[in-house]
Amino acid sequence: MASRLPILIIGAGISGLTTARLLTNSGIPNIVFEASSPDRRQGFAISLREWGYTILLSALGDLPLRSLTRGVAPDREIGGSGWIDQAVWDNGTAKKLFVPDANSSTKELIVRANRNALRRWIADCGEEELDVRYGHRLKRVEGSLGDVRVEFENGAFYRGLMVVAADGVNSTVRSQVLAHVQPETVPAVLYHGEFQLPRADFDRLFRPHTGESNILAGVGDGFNTPFAVCNMTKTHVHMDWSYSRPVRGSGEDDPLYRPNLASEEAKRIPTALVEELASRDLAEPWSLFLNGEAIQHHRVFHWAVRCVSVTREDMQRAVGRGVAFVGDSWHAMPIFGGEGGNHALADGIELAGAIAAGATGDLGTAIGNYYDQAWKRSQDAVRRSKQRFYTLHRPMAEWRELSKKKPL
């Protein structure tokens, strides 16, 4: 791997920036290309599991957890640490059902992280600034391992040692290198809303339920309505909500199952959603924000729930084309359960580590070593995430039965 051609990373999300930061910290040249502008918004929060943030902090030089939470926690501006209580609430009665593993000595500490803040924090964890070039939407990938060429829609061309595909579930790189791998649509309905409210209103309406927790996880009879803090200041709280359930029947007669909506149409609030929310008989605080009048003042999106699975042979074939995959480009999974961001971090850490460890050897072998670790880990997670969707959208009778067995 004597060549000083840079590694070309397509996508400035969590996986791409993690890869770039660790390669840069190891002295390996790389450039990150991002289709959107620097001010793109993706300010919702994600759950970082203990195994995910532990390996990240270790890879960045054994940083303390407080360094991470001070930089990324949704409530960092008021001294919070992104803590969540993991409690499950009945959204029809506003009563707490249970706390998973409440009395377990091995209960996992989950940290909530604002996505924008996490990207900035990762990018800043090193002495040398990352080379991130915005406004570069990929058009073409050509060549082979050791000498790849990429062309962008703005007319720019670059040569590199290899390409890292960090460009998400609808990966342009994957569509060209592994065209037969298509995202699978999970038969689920998911609407996501964002809103802001004064801090005093948050303290009055949510604090009695959440305390210091950054999530209020509400479940109903086969549907979910979690609230989450995205960002909190002394005066205002930016929050989001989700409304999700399995598709009814085959989906053909389900007015809310619309997996192939155009992006502009996905931002419109359908009458069927308003009617369905009204039929749910929600308790406060859910009823105050999930109603036809309130959501007209929110930014509401219809999200298609998709996942991506690949074979080990697919990945090896891509190596010959000079491409390695990280993040959702090769293991997109439903958001329920909070694993996707953690595997994106792990990918970046493991790929950068394999490349650095094999810096004096064969690059193809180094990438193969990465997949020896990452393929089973990530593909097992895709399978788990699909199963978890149905577990998290069970009938209320099952939730109440569970609550009898688990402590508050």
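Just so it is clear, glycine is given a Cβ too, placed from its N, Cα and C backbone atoms.
Summarising the annotation, Swiss-Prot assigns FAD binding site to Glu34, Ala45, Arg119, Asp328, Gly341. Look at Swiss-Prot and you will find Asn91, Asn103, Asn170, Asn231 tagged as N-linked glycosylation site. Here Swiss-Prot flags 1-20 as signal peptide.
Shown here: features listed in Swiss-Prot, placed on the structure.
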| residue | record | Cβ neighbours (10 Å) |
| --- | --- | --- |
| Glu34 | FAD binding site | 22 |
| Ala45 | FAD binding site | 30 |
| Asn91 | N-linked glycosylation site | 28 |
| Arg119 | FAD binding site | 21 |
| Asn170 | N-linked glycosylation site | 13 |
| Asn231 | N-linked glycosylation site | 20 |
| Asp328 | FAD binding site | 29 |
| Gly341 | FAD binding site | 24 |
Spatial neighbour of Asp328 (FAD binding site) that is closest, considering only the glycosylation sites Asn91, Asn170, Asn231 and their CA atoms:
Asn170
Counting distance between Cα atoms, which of the recorded positions Glu34, Asn231, Gly341 is nearest Asn91 (N-linked glycosylation site)?
Asn231
For Asp328 (FAD binding site), the three-state class that DSSP assigns:
helix
If you measure from the Cα of Asn231 (N-linked glycosylation site), which of the binding-site residues Glu34, Ala45, Arg119, Gly341 is the nearest?
Ala45
Which of the binding-site residues Ala45, Arg119, Gly341 has its Cα closest in space to the Cα of Asn170 (N-linked glycosylation site)?
Gly341
Across the record's FAD-binding residues Glu34, Ala45, Arg119, Asp328, Gly341, the largest CA-CA distance in angstrom?
21
